[in-house]
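Chemist: One structure is given below, represented as structure tokens, and several questions about it will come after.
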Amino acid sequence: MVVNTVLSVMAYDYLPEKLSVYLSDDGGSDLTFYALLEASKFAKHWIPYCKKFNVEPRSPAAYFASKSNLDHSHHNEVWVDIKKLYEEMEDRIEIATKLGRIPEEERFKHRGFSQWDSYSSQLDHDTILQILIDGKDPNAKDIDGCALPGLVYLAREKRPQHPHHFKAGAMNALIRVSSKISNGPIILNLDCDMYSNNSLSIQDALCFFMDKEKSHDIAFVQYPQHFGNLTKNDIYSNSLRVGFNVSGIPWLDGYEGPLYIGTGCFHRRDALCGRKFTKDCKFEWKKDDDHKTPKSILELEEETKPLASYTYEENTQWGKEMGLRYGCPVEDVITGLSIQCRGWKSVYFNPERKAFIGIAPTTLPQTLVQQRRWAEGDFQILFCKYSPLWYAHGKISLGLQFGYCLYCLWAPISLPVLYYAIIPSFYLLKGVSLFPQVSSPWFLPFAYVISTQYIYNLAEFLWSGGTILGWWYEQRMWLYKRTSSYFFAFIDTILKMVGFTDSTFVVTAKFIDEDVLKRYEKEIMEFGYSSPMLTVLATLAMLNLFCFVGVVNKVIMNGSIFRLCKTMPLQTLLCSALVLINLPLYQGLFLRNDKGKLPSSLALKSFVVALLACTSFTLLC
């Protein structure tokens with residue numbers, strides 16, 4: 001996956017001498033270095049092939065898997081040869097990964113492996129820096145004799161007693177190291193699973209940076225996130241379809257630009273490194289100084305290593321006013337906000353051909369964990385130094401300020417959603433109406449707001465290319481995220497503020513089990529194990545089921561269905577909708593036998609808690 005991402009950006013349709021690719025390996029794995037070394041060899045064949053045949057996409061795995069390329073593959077000898085080279089590289093990497101070690105002959109061939117001699121663990125090692133391809137070396141050529149882009153491997157120094165600041169710290173180390181080696185004025189950052197799907201993305205982004213009249217205040221160009229492994233109806237609603245195409249980020253683009261979302265973003269180096277924008281700022285695109293005395297790769301590596309040491313940032317502004325900001329799980333959002341507060345603007349660009357394609361979570365727990373991290377980080381922003389309420393006040397437009405607050409309030413939104421998921425069903429069971437009856441004139445405003453909201457929401461979703469079933473799945477995930485991920489994010493943030501817990505950075509899993517993948521492709525919801533968030537969801541589902549069954553039992557016993565529809569239509573509708581939307585949970589609790597079902601212990605726990613809650617409310621209230 002990492003190799004395909006690297007190769008896809010090395011093969012950009014752009015001048016290779018002006019392009020350098022840096023890989024930050026925070027795991028410090030010699031297997032990752034070996035894979036990158038293999039990629040540097042394959043790139044000599046892959047890059048000229050891409051440019052000769054105008055290949056899209058330029059991730060080898062995506063290209064060879066695409067159906068559009070199968071027609072000419074059978075009679076194209078070059079295609080067969082390049083595919084064979086790729087598969088051989090893939091086999092060597094997979095064999096080394098399974099064995100857990102690098103072939104001995106490869107270790108002796110490349111001096112880079114010697115840097116692991118002092119390696120202790122992922123959190124305790126020296127800086128490992130290797131320039132695999134020197135873009136300035138006239139001998140760095142592909143098989144057609146054309147120049148190759150630079151390729152650099154970096155595992156920054158880590159020590160157990162020193163905070164490393166996760167992704168933000170890794171990005172800042174890359175910014176400093178790249179400034180010494182290539183110092184490109186524009187920086188693209190990508191997650192390891194987000195390959196380039198459009199070889200012209202650089203040119204598209206540069207159009208915004210290089211306009212002589214309107215580009216001087218542009219700090220970054222943000223592309224949307226797209227995913228290549230979504231099911232037909234996007235069962236976990238990972239595409240954020242409406243947010244990327246209709247409202248959300250496109251809306252913010254009308255107020256000085258969108259927020260920075262952490263990947264698929266082209267940055268102006270000066271802005272990222274803390275420079276303020278003033279009306280006098282004018283940028284000239286100059287060539288590199290050719291008169292500088294060239295240094296050997298060894299000399300350059302040794303001079304650059306200190307920039308990635310764990311002590312370099314001490315008593316500096318890195319992580320505060322320079323680079324990505326520290327102290328928050330969503331370092332990207334506060335970094336983008338602080339850049340915009342320095343007078344810069346941003347641009348959201350969503351071209352017809354998707355620029356980058358990544359991997360979405362394939363299980364419900366993965367999705368909920370990711371959403372919890374985002375919601376917790378956004379909520380923490382509201383109370384930190386970079387809060388849009390006071391830090392951004394007067395520095396950005398009011399509309400953009402409100403836009404940031406909208407994301408920051410994801411976590412507390414869980415409270416009213418939890419109320420509506422519990423209390424109306426309880427009172428329905430009790431026979432107490434909380435909403436206006438059909439005969440009341442106040443019923444019409446409620447009915448109007450509810451119906452128009454969902455009709456408008458459905459229209460937006462379909463306009464964005466979704467399906468009706470996909471919209472239903474999105475409503476389910478809307479509920480699940482707010483009653484689990486956002487709720488726990490709210491609690492975690494409050495506990496952190498009073499000093500009971502510390503923030504942790506949870507990485508979203510990138511590996512997919514074969515059985516899980518099969519169920520995912522069939523759009524069968526994956527649970528798999530017990531967790532506090534799944535316990536809450538299962539308990540809420542059982543609670544609403546008990547209330548619904550209790551009401552149905554009363555209707556059957558008393559024959560009062562018309563009275564129920566007349567006096568409590570909205571509560572009945574809400575409870576029924578909650579039961580329908582939770583059907584996959586009921587299946588996971590009681591009807592499924594595969595490994596993706598909910599554990600029996602969780603089923604028992606949720607059953608007992610929900611039953612006790614319903615019984616207690618009925619008897620005591």
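Yeah, the Cβs are placed from backbone N, Cα and C, and that goes for glycine too.
Caution: TrEMBL annotation is automatic and unverified by curators.
Sharing the record's features from TrEMBL:
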| type | residues | note |
| --- | --- | --- |
| ACT_SITE | Asp26 | active site |
| BINDING | Asp26 | UDP-alpha-D-glucose binding site |
| BINDING | Lys167, Asp191 | Mn(2+) binding site |
| ACT_SITE | Asp332 | active site |
| TRANSMEM | 390-410 | transmembrane segment |
| TRANSMEM | 417-435 | transmembrane segment |
| TRANSMEM | 455-473 | transmembrane segment |
| TRANSMEM | 485-512 | transmembrane segment |
| TRANSMEM | 532-552 | transmembrane segment |
| TRANSMEM | 573-590 | transmembrane segment |
| TRANSMEM | 602-620 | transmembrane segment |
Chemist: Taking the transmembrane segment (532-552) as reference, which of 390-410, 455-473, 602-620 has the most Cβ pairs under 8 angstroms?
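Modeler: Going through each listed stretch, the top one turns out to be 602-620.
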Chemist: Counting every protein chain present, what is the number of Cβ atoms, excluding its own, within 10 Å of the Cβ of Asp332 (active site)?
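Modeler: By my count, 23.
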Chemist: Hey, which bits of the same chain come close to the transmembrane segment (417-435), Cβ under 8 Å, at least six residues off its ends?
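Modeler: Those are 443, 446, 479, 482-483, 486-487, 540, 543-544, 546-548, 550-551, 554, 567-572, 574-575, 578, 614, 617-618, 621, in sequence order.
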Chemist: Asp191 (Mn(2+) binding site) has how many other Cβ neighbours within 10 Å of its own Cβ?
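Modeler: For Asp191 (Mn(2+) binding site), the count of other Cβ atoms within 10 Å is 17.
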Chemist: Cα-Cα separation of Asp332 (active site) and Asp191 (Mn(2+) binding site), in Å?
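Modeler: Asp332 (active site) to Asp191 (Mn(2+) binding site), Cα-Cα distance: 12 Å.
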Chemist: Just to confirm: which same-chain residues, 6+ apart in sequence, have a Cβ under 8 Å from the Cβ of Asp26 (active site)?
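Modeler: The answer is Gln122, Ala155, Arg156, His164, Phe166, Lys167, Ala170.
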Chemist: Excluding the flanking five residues on each side, which residues at least 6 beyond the ends of the transmembrane segment (390-410) place their CB within less than 8 Å of a CB in that stretch?
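Modeler: Apart from its flanks, the transmembrane segment (390-410) reaches 251-252, 254-257, 259, 333, 337-338, 340-343, 374-375, 378-379, 381-382, 486, 489.
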Chemist: What is the number of other Cβ atoms found within 10 Å of the Cβ of Lys167 (Mn(2+) binding site)?
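Modeler: Neighbour count, Cβ to Cβ under the 10 Å cut-off: 21.
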